[in-house]
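For reference, the structure discussed in these notes is given below.
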Amino acid sequence: MSSPPQGSSLASPVQAAAVTGDKTTLLKLIASSPEVIDQEDQLGRTPLMYSVLGDRRSCAEALLKHGAQVNHPDRSGRTALHLAAQTGNHRLLKLLLSRKADCTHRDLRDITAVHLSTRHQDTRCLALILKYTPPGQVDAQDQRKQTALHWSAYYNRPRHVRLLVRHGSNIGIPDTEGKIPLHWAAGHKDPEAALTVRCLLEAAPTESLLNWQDYEGRTPLHLAVGDGNQEVVRLLTSYRGCNVAPYDNLFRTPLHWAALLGYTPIAHLLLETNNSPNIPSDSQGATPLHYAAQGNCPDTVRVLLSHISVRDEADLEGRTAFMWAAGKGSDEVVRTMLELDPELEVNRTDKYGGTALHAASLSGQITTVRILLENRVQVDAVDVMKHTALFRACEMGHREVISTLIKGGAKVHLVDKDGRSPLHWAALGGNANVCQILIENNINPDAQDYEGRTPLQCAAYGGYIGCMEVLMENKADPNIQDKNGRTALHWSCNNGYLDAVKLLLGYSAFPNQMENTEERYTPLDYALLGGHQEVIQFMLEHGALSIAAIQDIAASKIQAVYKGHKVRRAFQERKNLLMKHEQLRKGAAAKKREGENRQKGKVGQTEGKQKDENHVMRQDKSNEHIQNEVMREWYGEETGRAEDRKEEHQEENQNIEPKQLKHSKHMEQNSKSIAKNQKRAGHIQSSPIEHVHTNSIQTRMSPSRTSISHSSPLGNETPKNMYWDDNPTQNNTQPRRTSRPQIESPNIIVHRIEDLVQKESRRKSHREERKGSHRQRASSHHRLQASERETAGSVIHGEVEFKKKETKKGRRTAAGTSKIRASGEAGRLSQSEKEFSSTGIQGRVDCITSPESCETPSRVCRERKMISAKSGQRPLTETQSPEKACQGSSALKPSLTSHTKQTAIASKCLDSTPSYIGFGEAIKPLTPMGILREGSFSSKWQNIDIELIPLEARLQLVEKEKARKQLFQRKKHAATVIQKAWRTYCIRKSSRKTRHSHLRNNPRAMV
């Protein structure tokens, strides 16, 4: 047989005939088309099912006779037997069972025909199905694990329960909620449910069934109390094994549920059957009294308080039943408790310091607040947050409670732990009317908390326009900043409240106020971070700037100010430099004048010394002349003239080699007289012995002058009676002429001496005239020599002073005695260098002005030795004299020019040349400007005085050095700015994401 067509319409003729009972039409349709006998509609139902639903027994019999499938399921999995059991049609049910219908067939929810047969009062269907049901299928469970016995208890079918129990149904099978049939029977509100409970308990009156707990920990007694079925409660508590105070998963007993639901008789019944002296508390520490007070059940509260074991104990939060009643507005319970206990602690605090008045104010229970104020409650009691009842009422916006509290003496100027006033909490809640009430009670609209936030900022954070308008109408300042520099406009832009932004700008809020954090954000920056396009557009139209734009403007102004500062600083530095130069110039001039005065004193001392020496020399010459006259008498006139010339020659050598003079004792006396003159003039430099030593050094270190004074007055002629006597101990390297006299008798010698004495007296006047002209030439020579020394001393003075300073700097940490000794040595060194320099100049003058001597190798050698000695090399010793170094050269030639002419030419050559510069350098002297143009100082000019460098050259060097340092500083500053900007950009980028996500996920972050 082919399967019937699927998806037929409900209005198919065969199905219509089956439901209406038109058997004739049904048979015709079956005869014409046999496949329509099991045709399904959209619900999957066949004509047989429709005949069962329509209670058409004849049609059902005809369909079954023509071969209709009795166990064909519909879309829900149910067969015709399910429909017959559901409707309670006993006749059709019997017909189907006779045609071998399956009574154990389950639909999609695992429901069998046995489950469905318990829905009706008639037990015939159940009995018929149980007759055809196999023994193990009586307790078949549906998807909720419920058996037919569960269904019978739920529908309160005591006869069905007895029938199922008789057929062996198990009363202890739990369903998906852990409930057994006794739970469903006890939880029924019908008073006749006690009969069903009795039927179940008669089947198995065990203690385990009485105290069976479902998956929520509830026993049948919990469910009976919860439904308020007093008969079932009395029945259950009548059994000895029943636990009157079992705990559920919330640690609540049946008494808790009775008090919570206000079942006073059941509560009284449970208290009577409870043998425990203590009333247990639940998981929150609440007793049945708490729940009775919360539910405003004064009778239950009265019953509970009348029991000896019930007391008003605090829960885990420290709240009593009285606080619970005040918080819920249970005025009758509050009055009842105050009536039953006149000494009740109305100001008792909970764990957080809150009182019953706090609880009533928070929930806005105006009647309860008035009752509490009438019973000696403290109106300004504070909790741990320093909140009074007024704070709670302002936060929730209960105007009547606020007015009642203020009339009851509540203070409006108190602040909490965070420095917030009641106006802050009213603004955070957006309660404009409450703000108006508080302002009318003289509260400050610009009050700031400990973070610097005002009520206006709190209202702007939530975007409460009405509250903001009330505050600003009462002269609240919109430009007040908190500790982070944020204003109300910052908060409105951050949360994107366009109306709040418009209102703030309308009340003259500054749009470019920067915060005090590192980012220095403006309100526009917050709008940009939040991506609020409308707020951004409106802010830009009203002149708002971002921090980047403000920094650009500030940078341009800072640069202008910095440029002006640089100009002023450069001018000040130039001015300081010029003033310093002027001070240096004046100091140099003062030092120069001091040096000139010192040189003048030395020249005067030198002239006095020369006069004393000339006086001694004249006395010696007179004695020597007598001896020469005697020698002429002995050896002849020519020998006498030669001795005269030798005497004149030796007279000149007395200034060069004082150790070989015969009158050294007279020189010591002369030195003492010179020292006395210096002491009177105040320029004593050293002892008389040191003067003699210095003069000897000058004589030894002037080879040119020695060579001139040693030149033979006879030219190249040498007398025959002369011989060479080389004495290595003497400084003079010229060969000494000595004669070999013949021995005569003493009488002849005495007579001749007497004659010579007479002749000497006659010649004295002639010799004085000749000596006068010689002294005139000597005095002019000494004046030229003094001028040369002064010129050389002025050049070397700067170098000597520089060396003195360097010596003193290197010895700052030495002892006091070492400093004195070092300064004395430096003074002697300076005096020696000056005298040495003047001697060296005189030697070079002789070399320059004598053409023959310049060509002589010995002169060149002496000049080189002198330069090497000046430049720091080892000086020439007596064994290394210039003459010995040049022994292979020709003999010295006499000078062709006079001494006066030589000194004049030398003074012109050495006007601007230091004493240690050689002949070649003296011809083309170096100048400081030439050195500066070359770009570096020569080693010979490193110790030159700063005064010799022109002012323009010094300023040029200073400017170059300053420009180099400024360029380095600008590069370093630019690198630092770039690094700092990059770090700031990275920090900003990461903080923006964090802040934005934090503010979006936590809208109350500000509070």
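Yeah, the Cβs are placed from backbone N, Cα and C, and that goes for glycine too.
Within the set 838-846, 856-864, 964-972, the record from Swiss-Prot flags 964-972 under the feature motif 'D-box 2'.
For the ranges 81-89, 189-197, 486-494, the feature annotated in Swiss-Prot as motif 'D-box 1' maps to 486-494. Within the chain, the repeat 'ANK 5' (144-173) has long-range Cβ neighbours (under 8 A, six or more residues past its boundaries) at 112, 114-115, 117-119, 121, 123, 126-127, 130, 135, 138, 179-182, 184-185, 188, 190, 192-193, 195-196, 199-200, 203-204, 208-209, 212. For the repeat 'ANK 15' (484-513), the DSSP-based tally of helix, strand and coil residues reads 17 helix, 0 strand, 13 coil. For the repeat 'ANK 14' (451-480), DSSP puts the residue distribution at 17 helix, 0 strand, 13 coil. According to DSSP, the secondary structure content of the repeat 'ANK 16' (519-549) in residues is 20 helix, 0 strand, 11 coil. In terms of C-beta pairs under 8 Å, the stretch of 9-39, 43-72, 216-246, 317-346, 519-549 lying closest in packing to the repeat 'ANK 11' (352-381) is 317-346.
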